[in-house]
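Annotation source TrEMBL lists domain 'NTF2' at 7-121.
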Amino acid sequence: MSDFKAIGKAFIDFYYSKFDTGPRDGVAALYEPVNGMMSFNNSDFAKGAQQIVDKLRSLTFQTISHTISTMDIQPTYDNCILIVVTGALKADNDPPMQFTETFLLRFINNSWLVINNVFRLILHG
């Protein structure tokens, strides 16, 4: 899997562009529909397309913008791609907040889909 970095970068660019320009529940199509999992800031994880859509729709901000600071991409032994992102996000009129997000992608039916996703705001204090 020699092109894992290009695949990972393209995925991240697409994911955050789609998330930021909305509707944000549109990113649910990027998750494996039955077993894809998402956790957001230590909440119980959402599993499967409907729970992920419900979680995304429950987020209360109206506008959001992500700025990526770092992106680490590695292939896994079982041909998945692991991506760890750090950056800042600005939601509505709130001050920018630091975040980290991890994705595990698997190639299924000719598409790279999210199997696992963990998002965490980095809160100080």
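Every residue, even glycine, has its Cβ placed from backbone N, Cα and C.
Those TrEMBL annotations? Automatic predictions, nothing curated.
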Item to check | Mean of pLDDT values spanning the domain 'NTF2' (7-121) | outcome: 94
Next on the checklist: Based on DSSP, tally up the residues of the domain 'NTF2' (7-121) by helix, strand and coil.
Outcome noted: 32 helix, 53 strand, 30 coil
